[in-house]
Amino acid sequence: MTRKIFVTGGCRSGKSAYAQRFAEAAGPRRAYLATSQALDDEMRERIRIHQDSRGEGWRTVEEPLAVAETLAAAATEADVVLLDCITLWITNCLMADMDDAKILARADELADAIAAAPCAVAVVSNEVGSGIVPDNALARRFRDLAGAVNQRMATQADTVILCVSGIPLAVKGSLPL
Amino acid sequence: MTRKIFVTGGCRSGKSAYAQRFAEAAGPRRAYLATSQALDDEMRERIRIHQDSRGEGWRTVEEPLAVAETLAAAATEADVVLLDCITLWITNCLMADMDDAKILARADELADAIAAAPCAVAVVSNEVGSGIVPDNALARRFRDLAGAVNQRMATQADTVILCVSGIPLAVKGSLPL
Amino acid sequence: MTRKIFVTGGCRSGKSAYAQRFAEAAGPRRAYLATSQALDDEMRERIRIHQDSRGEGWRTVEEPLAVAETLAAAATEADVVLLDCITLWITNCLMADMDDAKILARADELADAIAAAPCAVAVVSNEVGSGIVPDNALARRFRDLAGAVNQRMATQADTVILCVSGIPLAVKGSLPL
């Protein structure tokens with residue numbers, strides 16, 4: 001199975017859990033590409049909870065920035081790669097002082113790497129643009145980027161899934177499970 | 001009819017109105033389980049508007065915390081119970097200094113009470129996790145809890161409905177009306 | 001074609017692009033009814049990007065407040081009118097010190113003008129009510145109004161579309177393209 005899925009939704013809507021179930025059905029060699037960086041206790045705790053929720057058969061690769069290259073490398077020796085998540089990757093890019101053009105170019109490279117991957121790929125992101133427009137200019141820039149990158153990810157995916165209260169809803173293609 | 005529905009959506013998306021139409025179709029003996037507490041004028045005004053929008057045939061029960069017990073009791077003498085809403089109940093739990101484990105255990109009790117109810121039940125919640133991550137740690141805790149509790153409610157429901165601009169969309173099961 | 005569509009979704013979810021594709025398929029005489037006012041550089045830049053994304057065959061009409069009248073006039077000599085967007089129009093009404101009752105009455109007039117238009121109409125809005133409840137009373141008033149006006153727009157539309165990561169999802173009616 002070389003299906004490419006993109007999973008989005010609000011906070012605690014079941015996105016990562018759905019992507020994990022997809023990956024577990026895709027094959028025994030599973031790579032988890034984590035974009036998170038444990039910079040504080042709250043993040044460390046969130047990462048630990050996510051790790052505990054994954055069972056056996058996962059290889060974890062942590063990469064805050066070079067996700068296209070890392071995904072391409074992991075895909076050569078896996079049945080499925082789960083990239084979790086896009087919005088943290090964008091945050092990492094902003095913290096590394098990349099400008100918008102560079103971030104969007106990197107997103108295009110990631111989309112190309114996903115399309116070229118010889119294995120199944122699940123990409124997880126977050127809906128961050130359905131609240132009030134933030135006061136803060138950086139937050140506005142972040143949510144604009146998140147929307148633009150999510151669109152790139154959705155365009156290249158076979159299936160786009162919106163999670164609502166833990167329930168997956170196919171907005172493009174059909175649910176793989 | 002003993003159908004159990006869970007209705008979520010953003011602010012002013014038509015969730016309560018849809019749940020009320022469901023309840024009005026479910027039978028003449030309708031219990032409205034309100035989790036709201038009129039602590040200020042703005043809340044008092046919101047409660048009044050909601051009450052005015054309900055017609056005849058409703059019995060109102062106000063309960064900020066013990067929703068599982070109150071729902072179970074109301075269900076014995078009603079055709080339908082409408083619980084509105086989950087996010088205010090979570091707010092009440094936080095204000096009562098409950099920790100997350102206790103709130104989630106209470107949510108499991110509520111899910112069990114809904115499953116056991118001999119009448120139809122409609123539960124209303126809110127989507128609060130699709131904006132920018134809040135600066136405030138309590139707000140982050142609240143939206144994590146809201147997502148987790150919404151998932152429990154959706155799991156036990158026959159039908160999960162996302163309201164968008166007043167239009168109900170079934171994300172699990174089929175629309176009852 | 002005199003189809004009336006309403007397109008909503010989060011920030012950068014592909015709403016305007018979808019509405020433009022709809023309009024381009026609707027006929028050669030296209031009116032773009034812009035509610036935006038270029039009050040600062042960030043807004044000026046957003047407007048320029050949107051204008052550049054539209055091709056030939058568009059007549060642009062800018063109107064911050066009197067959208068019902070302007071839409072009715074534009075509709076007499078167009079195959080399609082695209083109104084973009086409702087939430088900026090509400091912001092303009094708030095800045096002009098209109099009270100809620102007046103804004104909602106104006107929204108009813110707009111809904112009537114859309115229903116009466118002899119041409120196709122696409123209305124674009126934003127989901128702003130799926131984040132944390134804002135601290136700020138004006139922001140709460142804005143998102144209540146946005147929800148209420150979006151409901152009016154969705155009620156009169158043949159088709160209501162929620163955009164998710166650039167993918168259109170029909171929540172009422174069927175996708176026109």
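Cβ coordinates come from backbone N, Cα and C, glycine included.
Note that TrEMBL annotation is computational and uncurated.
Positions annotated as active site, GMP-histidine intermediate by TrEMBL: A:His50. In the three-state DSSP scheme, A:His50 (active site, GMP-histidine intermediate) falls into the helix class. Take the CB of A:His50 (active site, GMP-histidine intermediate) and look out to 10 A: across all protein chains shown you find 17 other CB atoms.
All chains included, 21 other C-beta atoms sit within 10 angstroms of the C-beta of A:Ala34 (GTP binding site). The annotation GTP binding site is assigned in TrEMBL to A:Gly9, A:Gly10, A:Cys11, A:Arg12, A:Ser13, A:Gly14, A:Lys15, A:Ser16, A:Ala34, A:Thr35, A:Ser36, A:Glu62, A:Asp84.
Taken residue by residue with DSSP, A:Cys11 (GTP binding site) is part of neither helix nor strand, so it is coil. If you measure from the Cα atom of A:Gly9 (GTP binding site) to that of A:His50 (active site, GMP-histidine intermediate), you get 16 Å. Contact annotation for chain C: of the listed binding-site residues (A:Cys11, A:Ser13, A:Lys15, A:Ala34), none places its CB atom under 8 A from a CB atom of that chain. For the pair A:Lys15 (GTP binding site) and A:His50 (active site, GMP-histidine intermediate), the C-alpha distance works out to 12 angstrom. When Cβ atoms from all protein chains are considered, those within 10 Å of A:Cys11 (GTP binding site) total 23, not counting its own. Least packed by the Cβ count within 10 Å, out of the binding-site residues A:Ser13, A:Ser36, is A:Ser36.
Reported as a whole number, the C-alpha separation between A:Cys11 (GTP binding site) and A:His50 (active site, GMP-histidine intermediate) equals 14 Å.
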